[in-house]
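Structure first, then comments.
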Amino acid sequence: MEPAAAKLIGAGIACIGMGGAGVGVGIIFGNYLAAAVRNPSAAQGQFGNLIFGFAVTEALGIFSLLIALLLLFVPL
Amino acid sequence: MKIDPIHQFNIEPLFTIGHIGNHTIAFTNSTLYMFIAVAVISLLMIGGMAGRQLVPGRLQSIAEISYEFVATMIRSTAGAEGMKFFPLIFSLFMFICVSNLIGIIPYTFTVSSHIIVTAALALLVWFTVLIYGVSKNGLKFFKIFLPSGVPIFVLPLVVFIELLSFFFVKPVSHALRLFANMLAGHIALKVFAGFVAMLGVSLGAIGWVGGIAPLALTVALTALELLVAFLQAYVFAMLACIYLNDAIHPGH
């Protein structure tokens, strides 16, 4: 296989990792919404925790996106 | 036709200042947009607070709201003691937010889409945490690597994870998150905008009419980018607060 083709396939495979981050972010926002509907008065106080959990989860998806970008745009 | 979504991130020197060794020190478009961001913030804060009216006008309202927003964020995450870092957090938040928002305007340059800029900002926070934590708490600062209430036989693993987290994952993810979000958002915008031109050039009149769909999507994506630009500035500032909280109150 040509190296260029292998790099493109590798970039595609690396993007699968972002699916996991998508699931994680969905769980965080879904659970926040479920809790906020049950107890709306406590929702505002947990907004900071929501954003923190979102940021930490999203970082892992960003790592796999970074691998894809490195494979696509950095000449080896 | 070929679209080049990476071209927008090119750094072009506007004029040369001097040389250090073989390296050219130049005033680039990145430098220019950093200056623009600082100028906008200065105008907003100094101009907004010049009147000091009891009932604030529009500019004064923006200045007061941004102050209150950052102050509330620091008090809720790092406690009242964290307010001594207000100037740092406020500068970080305003600089990132304003440069992100300027970057959304077409044909401008996004400063935070370069990892060297975000890494510099993240390392600034990281060294502040390390130096302030050690100078305030002495050796007690290193208790952040030893969580209390952990069984002794998993302690080596937990300490290893905490060390890895503090020295590698936290600074790297802090810098990467902002950089990758801005980069990916702007590439996505360019790719969808490219669809309009590609349809029009290849299909003619039918293509230009069909191009309305990707154009509408580009507008919607720009609105999403507006949210992301603000949210990433908020996330960056809030993570800085949480890391500073470790330095102010070590030991979980």
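The backbone N, Cα and C atoms fix where each Cβ goes, and this holds for glycine too.
Feature annotations, reproduced from TrEMBL:
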TRANSMEM  A:6-29  transmembrane segment
DOMAIN    A:9-71  domain 'V-ATPase proteolipid subunit C-like'
TRANSMEM  A:50-74  transmembrane segment
SITE      A:Glu58  site 'Reversibly protonated during proton transport'
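Averaged across the domain 'V-ATPase proteolipid subunit C-like' (A:9-71), pLDDT for the predicted model comes to 90. Following the DSSP three-state reduction, the secondary structure of A:Glu58 (site 'Reversibly protonated during proton transport') is helix.
Counting residues per DSSP class in helix, strand and coil order gives 60 helix, 0 strand, 3 coil for the domain 'V-ATPase proteolipid subunit C-like' (A:9-71).
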